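Here is what TrEMBL records for this protein:
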- 23-45: transmembrane segment (TRANSMEM)
- 38-289: domain 'G-protein coupled receptors family 1 profile' (DOMAIN)
- 57-83: transmembrane segment (TRANSMEM)
- 89-117: transmembrane segment (TRANSMEM)
- 138-161: transmembrane segment (TRANSMEM)
- 193-218: transmembrane segment (TRANSMEM)
- 239-262: transmembrane segment (TRANSMEM)
- 268-291: transmembrane segment (TRANSMEM)
Amino acid sequence: NSSELSPSFILASIPGLEAAQCWMAIPLCSAYVLALLGNCAVLLVVRAEPSLHAPMYFFLCMLAAIDLALATATVPRILSFYWFDSREISFAACLLQMFLIHTLSAVESSVLLAMAVDRYVAICHPLRHAAILTNGATAKIGLLAMARGVLFFLPLPLLLLPLPFCGPRVLSHSFCLHQDVMNLACANTTPSVVYGLTAILLVMGLDAVLICLSYLLILKAVLRLAAWRERLKVFSTCVAHICVVLAFYVPLIGLSVVHRFGKDLAPLVHIIMGNIYILVPAVLNPIIYGVRTKQIQRRIL
C-alpha cells in the first residue's frame, strides 16, 4: 500500500521517560550551542589571524565546518522531537539525514588523515613541508575528501530505496543511521549490509590504519633525537591532533559495537551513544585546539 511505498519512521524515545524528554533536551541543546560557538570561533580566528594561515589550521577549519554541518543536520531534529513530540520522520528526510551523517563522517575521517600526514611531513621532512603542503594542495585535499565521502556513501540510501518496510518502523536512535534503517526492512538486505561494511572499512578503517602508520613513523623519527626535552617538544605538536582523532574514532567504534552486539541493551544506551557520536567531536575539537594553540587563545581573548 502507499505507506509501504513511502514509509515514515518513528524516532526512538526512552521507555518510561517520555515526560522528562523536554528536560533531557536542555543538556543536548547546551552542547549544540557550545559546538556552534566553538567551531564558529575557530573559523573566525583562523580567518582573522595571519599566523594561522597554514595547512594544519586550514584542515582545522575543514573539521569545524564538518562538525557544524553534522550537528546541524541532526540536533535541531532531535530537539523538535524532545520538545514538541515530533517523533515521525518521513522516508525521504530520513534517507537524506542518513546520507549526510555518513558522508560527513567519512569526510572528517579523511581530513583527520590529512592532518596526520601534515604532522608526519612537518616532523620527518621539515625542509620539504612548505613545498609539499601548499595552500593549493590543501584545497585539493579538502575537495578530494568531500568527493570521496559522497562517492562511497551515496549508494547507501540508493540501496534502501527499493526495499519494502513493513511492521513497526521504530528506530534505535533519535536520528537515522544506515544500520538502523536497514534492520527495519522486510526484505533481503545482504547487498546493503555488504556494501555498508565495505564502505566503512575502505574509508574509516583504512584511514585509521594510515593514521596509526603515520604516528609510528613520527615516533620513530622523534626517538632518534638525542635529548628528551627535544623529543617532548617535537611530539607535543601532535597532542592536539591525537586527542581529536580519539574524540572521533572512540565514539564511532563504540556506536558500531552497540549496533553489532548491543541488541539486548537498554534503549537509553543506544540513544546516549548516538548523541555522543554526533556531538562529542563537535564540542571537543575547538576546545582541544583552543587549549593547545596560543594564537587561538590570544585572538579569542
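Including glycine, each Cβ sits where the backbone N, Cα and C put it.
Bear in mind that TrEMBL entries carry predicted annotations, made automatically and left uncurated.
When Cβ-Cβ distances below 8 Å are used as the criterion, the transmembrane segment (268-291) is approached by residues 12, 14, 17, 28, 31-32, 34-35, 38-39, 41-42, 60, 63-64, 67-68, 70-71, 74-75, 78, 101, 108, 172-175, 177, 240, 243-244, 247-248, 251-252, 254-255, 258, 262, 297, 300 of the same chain, each at least six residues removed from its ends. Most Cβ pairs under 8 Å with the transmembrane segment (138-161) belong to 89-117, among the candidate stretches 57-83, 89-117, 193-218, 239-262.
Taken together, the residues in the domain 'G-protein coupled receptors family 1 profile' (38-289) have a mean pLDDT of 91 on the 0 to 100 scale. Among 89-117, 193-218, 239-262, 89-117 has the largest number of CB pairs under 8 A with the transmembrane segment (57-83).
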